[in-house]
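Engineer: Below are the features listed in TrEMBL for this protein:
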type    : residues                                                           : note
BINDING : Phe24, Gly26, Gly28, Glu68, Lys256, Gly258, Ala296, Thr299, Glu304 : Ca(2+) 1 binding site
BINDING : Asp298                                                             : Ca(2+) 3 binding site
Amino acid sequence: MATLTVPACVPSVQEDVEQLHKAFSGWGTNEDLIISILGHRNAAQRKAIRQAYAETHGEDLLKALDKELSSDFERAVLLWTLESAERDAYLANEATKRWTSSNQVLMEIACTRSPKELILAREAYHARYKKSLEEDVSYHTKGDCRKLLVPLITAYRYPGDEADLTLAKREAKLVHEKIKDKAFTDDDIIRIFSTRSKAQINATLNQYKNLFGNDVEKDLEAECENDFVALLTSTIQCLAYPEKYFEKVLRDSVNKRGTEEWDLTRVVTTRAEVDLKIIKDEYHRRNSVPLDRAIAKDTSGDYEKMLLALMGHDDA
């Protein structure tokens with residue numbers, strides 16, 4: 001369930017364009033006006049605004065925003081204004097760079113998007129960077145993590161709800177055997193979690209718990225702690241119950257000494273139109289504190305206002 005709130009009566013696209021242009025004009029920038037518009041428009045509406053802005057003012061809205069805004073607020077607005085496939089391409093590219101590298105972000109994109117969304121992200125990557133996402137992931141990652149990430153990012157999973165319970169039981173036993181033997185990087189482990197449908201993986205995880213009494217992730221963590229096992233564990237969480245994965249990312253981002261704005265911004269901007277309501281509920285259940293309050297405590301100014309708007313905190 002999304003948290004984004006859109007007014008019952010939305011102004012025309014041209015009116016939004018002129019109001020945004022007005023926000024950039026004169027002495028100083030009207031950040032509240034920018035939030036009141038972009039923070040309350042859905043993906044199709046934001047796309048139409050961006051197209052109309054370029055046609056009317058001869059400049060990409062993103063460039064205008066980049067010139068007028070700064071710091072974490074700028075990053076949140078720019079990420080939000082991008083189309084989802086463009087945003088994923090940008091985040092994936094950042095995750096392959098030396099100073100912002102993140103196997104977790106690459107895995108997150110690969111495992112929490114639908115098969116079609118992942119294809120669109122890869123196409124957007126082609127268009128923006130003139131190379132493929134898979135070649136960059138392959139080049140900038142290494143070892144066992146590369147062995148898992150490349151098939152994840154190139155997967156085209158079956159999106160249906162059907163599951164073969166006989167297969168699930170057989171593969172649950174196979175996964176247990178590999179974990180018991182500490183063969184975490186075995187080809188079968190990677191094959192199962194990088195190719196099976198989410199419904200089939202859920203069936204396998206349920207069979208695993210029925211047969212062996214524990215969740216796969218707990219058995220993995222009990223057997224070994226290293227970067228690959230952490231990545232594999234997060235992969236399973238993203239595929240089976242993404243709300244728990246994202247809750248932990250948010251919890252870590254606001255509970256650390258100094259907020260991890262990169263993670264906080266990424267989760268809010270990518271999930272506000274998808275399942276942020278479910279993630280918020282999971283956060284409240286897990287921490288006994290509303291996510292809105294936790295974010296308000298750890299952020300400030302226009303950045304705080306933008307995040308809270310996307311979380312449906314106000315009624316603008």
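Backbone N, Cα and C define each Cβ position, glycine as well.
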Engineer: Just counting, how many other CB atoms are there within 10 A of the CB of Asp298 (Ca(2+) 3 binding site)?
Structural biologist: 17
Engineer: Report, in whole Å, the straight Cα-to-Cα distance of Asp298 (Ca(2+) 3 binding site) from Glu304 (Ca(2+) 1 binding site).
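Structural biologist: It is 9 Å, counting Cα to Cα.
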Engineer: Between the Cα atoms of Phe24 (Ca(2+) 1 binding site) and Asp298 (Ca(2+) 3 binding site), find the distance and write it as a whole number of Å.
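Structural biologist: The separation of the Cα atoms works out to 28 Å.
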Engineer: Give me the long-range Cβ neighbours of Gly28 (Ca(2+) 1 binding site): same chain, 6+ apart, Cβ under 8 Å, in sequence order.
Structural biologist: none
Engineer: Who sits close to Ala296 (Ca(2+) 1 binding site): which same-chain residues at least 6 apart have their Cβ under 8 Å from its Cβ?
Structural biologist: Glu304, Leu308
